[in-house]
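Everything below concerns the one structure shown next.
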Amino acid sequence: MITESSVMLQAFQQFTGINTVMYYSPTIVQMAGFSSNQLALLLSLLIAAMNAAGTVLGIYLIDHFGRKKLAISSLAGVIASLFILAGAFFGTSSGSSNELYGWIAVLGLALYIACFSPGMGPVPWNVYSEIYPEQYRGICGGMSATVNWISNLIVAQTFLSIAEAVGTGSTFLMLAGIAVLAVVFVIMYVPETMGLAFVEVEQIWKESAWGCSYNTESLLEQGDDK
């Protein structure tokens, strides 16, 4: 399951909607009631700037907070922001012309980026660079990256169609449901690799594959205690 955890993290990174937000942020802002193209573009540029700043922050947090804890806290914020977005779009679809719903949607987008970019942005890439044994790192890393881009393609190509079919609010609720599954997966299957050498991470992989038959204390438990 150690090997699969990196691949699944890459899939969850995309299926929780990050590139939906990045690719379609001007469209989402306009869906929320802002008719000005210039304003929609400006707000989307601010969201992109937040993403860049959050990623830089993640570089610091990942070695001080831990990969697993950072991913879980990031996903918790993502879930909350997706519920805010869903509520805003349910409000606009009810026929209300109140601009408040539009600003709530923008707040949801900003919160999403603020929570996602320091955590679920860098963590899957960091984990996949650490988690595989040296002899398999190249091919397994390629598999993880391939899963990421295929997931990206699926989400990017289906978001607008699903939003048109079931409503934008319901689409964001679906993404929130996937984020909940991601939290469960991280808690159950993703090891904490902070502070471990590559040889120690390889020992975790061996323990996962063949059981604790190496007469060593479980490094998984050591990592989770950090």
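Cβ atoms are placed via backbone N, Cα and C, with glycine included.
TrEMBL does not curate its annotations; it predicts them automatically.
Feature annotations, reproduced from TrEMBL:
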type	residues	note
DOMAIN	1-194	domain 'Major facilitator superfamily (MFS) profile'
TRANSMEM	39-62	transmembrane segment
TRANSMEM	74-94	transmembrane segment
TRANSMEM	100-117	transmembrane segment
TRANSMEM	138-160	transmembrane segment
TRANSMEM	172-190	transmembrane segment
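The list of residues near the transmembrane segment (172-190) in space but at least 6 beyond its ends in sequence, with Cβ under 8 angstroms from a Cβ of it, reads 1, 4-5, 8-9, 12, 15-17, 20, 67-68, 71-72, 75-76, 78-79, 82-83, 85-86, 89, 120, 127, 162, 166. Summarised as a single figure, the pLDDT of the domain 'Major facilitator superfamily (MFS) profile' (1-194) averages 85.
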